[in-house]
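Participant: The following block contains the structure, expressed as structure tokens.
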Amino acid sequence: MIIIKQAVRLQEYLTQQAGRGLISGFVPTMGALHQGHLSLIAESRKHAGITVCSIFVNPTQFNDPKDFDKYPKTLEQDILLLEKAGTDILFLPSVNEMYPEGLTNLEHYDLGYLETILDGKFRPGHFQGVCQVMYRLLKLVDPDLLFMGQKDYQQCMVVKRLLAIMESKTKLVPSPTVRESSGLAMSSRNMRLSADQRSEAVDISKILQFIKENLRSQSLPALKADATEKLQQSGFRVDYVEICNADTLEPLESWDGKTPLVALVAAFLGDIRLIDNMILTEIGG
Ligand code: AMP
């Protein structure tokens, strides 16, 4: 694995490699890697001849500066994991390298309603930050395939919109959420949970399962209210429990029995914000 810290060096290297005519895959991350990230590397290696991973904790997507300061960093271990997973290139830029013009007066992207719902509503500016860094990374790497996790369902939709805005040739390949055996969705932020919080956090996936199992017996508002109450009783501060059209992410108050649905949850345990989601209407579900 080659580690590159400078954008120009990355571009030089990728230009050299382009002659080989390989399909390129890209896995952007913020580090503190776990099996969820590694599943994306594995997916890229399955479909692409050259896999680029980036680790960059992007300051512009943190609406809470404390969350940015406390974001876990495990770089040495990340490098070992990526090497072992067969990553070809690790891009490891500094903030200056990504934002040479500074962090103010940045681009604004028209994300439409995606920015006013769910995490767009509860984390103002978050998805603009995601787009600011993804635009830069995509311009640099210009991959054929972009691998991202369904764990961040809304982020996948935002990035799909960004790719359309950029008129990019890159195809987004969303990958299923990797979970602990308890059901807890793997997340870098889980590293900050105490042992007690880690077992409490499992309730988010249980609630999603509860929504899925009761979809046909309760109205959507009743299900959402029940789920919110259950989470609150387990000690969560709930940002939202929503049931949305899985294709458009439009929040729904009723279901016609046909529209594909996804349930999404964002909730705090202490000062740690966890998100998870589940497709409710997949075949066999
Ligand atoms: P992050 O480092 O949290 O920015 O995540 C980098 C990429 O890994 C994103 O595309 C995430 O959606 C994806 N990811 C994070 N957690 C998981 C997981 N548990 N399963 C699958 N993909 C994940």
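Here the Cβ of each residue, glycine as well, is placed from N, Cα and C on the backbone.
Quick paste of what TrEMBL says about this protein:
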ACT_SITE  HIS37  active site, proton donor
BINDING   30-37, 149-152, VAL178, 186-189  ATP binding site
BINDING   GLN61, GLN155  (R)-pantoate binding site
BINDING   GLN61  beta-alanine binding site
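Surface or core, plus neighbours and distances: that's what I need for these features.
Facilitator: Sequence-distant neighbours of HIS37 (active site, proton donor): residues of the same chain at least 6 apart with a C-beta under 8 Å from its C-beta are VAL27, THR29, GLY149.
The secondary structure of GLY36 (ATP binding site), as reduced to three states from DSSP, is helical.
Sequence-distant neighbours of GLN155 ((R)-pantoate binding site) (same chain, 6+ apart, CB under 8 A from its CB) are ASP119, PHE127, VAL130, MET148.
Sequence-distant contacts (6 or more apart, same chain, Cβ under 8 Å) of GLN61 ((R)-pantoate binding site) comprise GLY125, HIS126, PHE127, GLY129, VAL130, GLN132, VAL133.
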Participant: For ligand 1, list the recorded positions among MET30, GLY36, HIS37, GLN61, VAL178, SER188 whose CB atom is within a distance below 6 Å of it, in sequence order.
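Facilitator: List returned for ligand 1: MET30, GLY36, HIS37, VAL178, SER188.
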